[in-house]
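**Student:** Can you keep this structure in mind? I'll have questions shortly.
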Amino acid sequence: MTEYKLVVVGAGGVGKSALTIQLIQNHFVDEYDPTIEDSYRKQVVIDGETCLLDILDTAGQEEYSAMRDQYMRTGEGFLLVFAVNSAKSFEDIGTYREQIKRVKDAEEVPMVLVGNKCDLPSWNVAKQYGIPYIETSAKTRMGVDDAFYTLVREIRKDKDNKGRKGRKTNKPNRRFKCKML
């Protein structure tokens, strides 16, 4: 069974945890409790293939930004989540995207733009970035599966493209140890 390491990023309060818990437990969490970092696993079938999603739900608050590089290194794909009722969270997406590309040292990384709490000019940004856009509501569960499953499909496409291009990386395989900050 293929395992996918998914990372959910975005500003504080956009609904990253609510989306993740809705996917994992079919339950909407109404109250806001800032996340430092939570990890979830779920076995799902996507396009006929059984796979294991290893999902890292990250902190959106600025005081935890030092942790970002580490989880960006280990993630295979990223849900870039903003709240459609917060222009600032939408503007922050570009910063997350650039940081992911810098840390991964790659121009193309599997990402899905997720507009949670539904309806802003986000579709055009996703088109400009060349990545899928999914509107979600963690409360009603609208688009929750689609967001995570689309990201897995993006990872598969990315692996396929890299396999076809036969690109070899000269970077050594590195293992990272946990650091206390």
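Every residue, even glycine, has its Cβ placed from backbone N, Cα and C.
Pasting the feature list from Swiss-Prot:
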| type | residues | note |
| --- | --- | --- |
| BINDING | 10-17, 57-61, 116-119 | GTP binding site |
| MOTIF | 32-40 | motif 'Effector region' |
| MOD_RES | Cys178 | cysteine methyl ester |
| LIPID | Cys178 | S-geranylgeranyl cysteine |
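Context for these features, please: burial, neighbours, distances.
**Tutor:** The number of other Cβ atoms within 10 Å of the Cβ belonging to Lys16 (GTP binding site), over all protein chains shown, comes to 27.
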**Student:** Going by DSSP, is Thr58 (GTP binding site) sitting in a helix, a strand, or coil?
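**Tutor:** Assignment for Thr58 (GTP binding site) reads strand.
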**Student:** Find, for the listed binding-site residues Gly10, Gly13, the residue with the lowest Cβ contact count at a 10 Å cut-off, counting only other Cβ atoms.
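**Tutor:** Counting other Cβ atoms within 10 Å of each of the binding-site residues Gly10, Gly13, the minimum falls on Gly13.
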